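Straight from Swiss-Prot, the features:
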DOMAIN    20-208  domain 'Glutamine amidotransferase type-1'
ACT_SITE  C97  active site, nucleophile
ACT_SITE  H182  active site
ACT_SITE  E184  active site
DOMAIN    209-402  domain 'GMPS ATP-PPase'
BINDING   S236, G237, G238, V239, D240, S241, S242  ATP binding site
Amino acid sequence: MSRLLPSTTNQHPTSPSFDSVVILDYGSQYAQLIARRVRDAHVYCELVPYDTDWSALKHLSPKGIILSGGPASVYEPDAPQLPSWVLESGLPVLGICYGMQLLAHTLGGRVAPAQRREYGPAVVERVADHPIFAGLPARFDVWMSHGDRIDALPPGFEVLARSANAPYAAMARDHLIGLQFHPEVAHTPLGSVILRNFLFDVCGCAPTWTAESFVEQAIREIRERVGKDRVLLALSGGVDSSVAAALIHRAIGDQLTPVFVDTGLLREGEAETIREVFGRHFRMPLVAIDARQRFLVRLRGVSDPEQKRRLIGEEFVRVFEEIARSQGPFRFLAQGTLYPDVIESAAPGASRTAAKIKTHHNVGGLPQDLEFELLEPLRYLFKDEVRAIGRLLGLPEEIVQRQPFPGPGLAVRILGEVTEEALAIVRRADTIVREEVEAAGLSDGLWQFFAVLLPVHSTGVMGDQRTYARVIAIRAVTSTDAMTADWARLPHDLLARLANRIVNEVPGVNRVVYDITSKPPATIEWE
């Protein structure tokens with residue numbers, strides 16, 4: 001068997017039609033937010049480890065560089081440094097927080113511990129004009145998060161703004177700019193204006209990163225890479241794999257064979273919807289495999305969430321290998337991997353400073369003896385970008401607006417061993433949650449809402465009889481890109497209806513709890 005060969009060409013959707021910037025990640029908790037704000041301005045960007053070599057980036061032809069914040073102090077011996085190519089490139093540079101201090105330190109300024117640390121809201125006052133602050137008032141609110149500060153500017157730099165505790169809240173020398181505050185967070189209300197000023201006025205970028213331009217470029221790159229070979233696609237029916245299927249089918253037609261594997265781990269009615277949309281509506285040569293018993297046997301006795309993910313990923317690939325042998329040859333395996341999947345898995349392409357959170361079965365959970373090359377045309381996209389592309393490709397709204405669903409399915413919404421009984425419980429509870437949230441008209445404002453079966457029993461009283469039954473947790477969150485999420489403040493009467501229906505309509509459940517934890521510290525899924 002050949003080794004796993006990740007996709008290359010179509011992972012980086014770049015061409016002269018896309019202006020781009022590079023974000024060097026120094027470990028900031030806000031690094032992904034910088035990328036989101038840049039994409040919101042319709043400029044393509046990639047977030048890469050701070051020590052990435054220029055040779056790995058020059059294909060992007062970036063028009064600017066952003067240095068993220070980070071937890072280190074620039075004067076420490078082992079602190080992350082500025083790659084020499086950044087200044088040698090002659091490109092505009094925007095340093096944020098640690099990035100600003102790194103610019104100052106590298107170019108001859110002085111950075112020292114602040115006498116008074118700044119964490120939280122602050123007001124900065126402009127003291128000089130610069131394109132980065134075009135259209136901003138003399139004083140504006142920002143978000144600070146730093147324990148060091150610049151005590152002396154590097155030669156040739158001028159101070160642009162100051163705050164009560166930071167005499168150099170912003171600095172610049174021509175196209176080299178530093179901001180001590182964080183323009184990427186919502187607590188800096190005018191931060192998007194500042195970032196757009198950098199992108200458009202300083203870097204000279206054009207807002208050409210759109211769904212239309214991406215689709216045009218992706219189709220061209222898929223055709224170039226695939227040639228006359230055939231592609232096998234893992235179709236789950238979720239937004240990601242559905243958009244990947246529609247995009248690849250638009251590019252190469254029936255060279256694509258979408259495979260839907262009914263693992264028995266899907267939501268109620270999901271298998272029927274997939275067959276209807278892709279088999280009959282899009283007229284794709286859909287191959288449907290009933291593997292429910294196969295996956296249940298593989299998961300028997302397994303409770304560890306990482307082991308579940310790996311076993312499911314391995315079994316998926318074995319199914320695809322069997323299809324490839326019977327209907328092949330296929331050279332490529334296509335997946336709907338997104339940028340947050342890559343970042344959370346700390347897979348190749350994600351920041352080296354990011355700790356591994358969990359294995360996504362379509363990233364780190366794949367066996368290393370995979371017999372295909374991976375084709376992942378959405379690998380550098382966020383969820384909202386994928387939805388926009390799905391609409392452009394003509395996917396029905398019921399697919400485009402479908403809430404995210406984990407690759408391992410309900411297996412990671414059952415804490416503990418996956419059994420037929422547990423699946424029946426969580427599937428029915430999840431259906432009730434979806435029905436009630438949608439009936440309340442709240443689904444469009446939520447990122448995800450679902451039920452989780454907990455590995456505990458609870459004492460209760462039902463029909464004058466003592467019960468000792470299972471517990472369901474309800475999870476509902478708001479988010480824009482899954483990188484951060486807040487628990488949803490659902491109305492109490494809705495929560496009451498959910499609890500009442502679940503304990504009365506789902507056999508084996510006598511208690512319902514509501515998860516009020518945000519991300520971070522928790523992840524959206526429980527496993």
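Placement of Cβ uses the backbone N, Cα and C atoms for every residue, glycine included.
Known features from Swiss-Prot, placed on the structure.
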residue: C97; record: active site, nucleophile; Cβ contacts under 8 Å, 6 or more apart: S28, S68, G69, G70, S145, H146, L179, Q180, F181, H182
residue: E184; record: active site; Cβ contacts under 8 Å, 6 or more apart: Y30, L33, I34, R36, R37, I96, G191, L195
residue: S236; record: ATP binding site; Cβ contacts under 8 Å, 6 or more apart: F260, L266, I274, G336, F405, G407, G409
residue: G237; record: ATP binding site; Cβ contacts under 8 Å, 6 or more apart: F260, L266, E270, A271, T273, I274, V277, I399, R402
residue: G238; record: ATP binding site; Cβ contacts under 8 Å, 6 or more apart: G336, R402, P404, F405
residue: V239; record: ATP binding site; Cβ contacts under 8 Å, 6 or more apart: G336, K383, V386, R387, G390, I399, V400, R402, P404
residue: D240; record: ATP binding site; Cβ contacts under 8 Å, 6 or more apart: G336, T337, L338, L378, K383, V386, P404
residue: S241; record: ATP binding site; Cβ contacts under 8 Å, 6 or more apart: L233, A234, L235, Q335, G336
residue: S242; record: ATP binding site; Cβ contacts under 8 Å, 6 or more apart: L235, V277, F278, G336, G390, L395, I399, R402
Local confidence of the domain 'Glutamine amidotransferase type-1' (20-208) - pLDDT mean: 93
Excluding S236, G237, G238, V239, D240, S241, S242 themselves, which residues in that chain have a Cβ inside 8 Å of the centre of the Cβ atoms defining the ATP site? L235, V243, A244, A245, G336, I399, R402, F405
Quick check: in three-state DSSP terms, what is V239 (ATP binding site)? helix
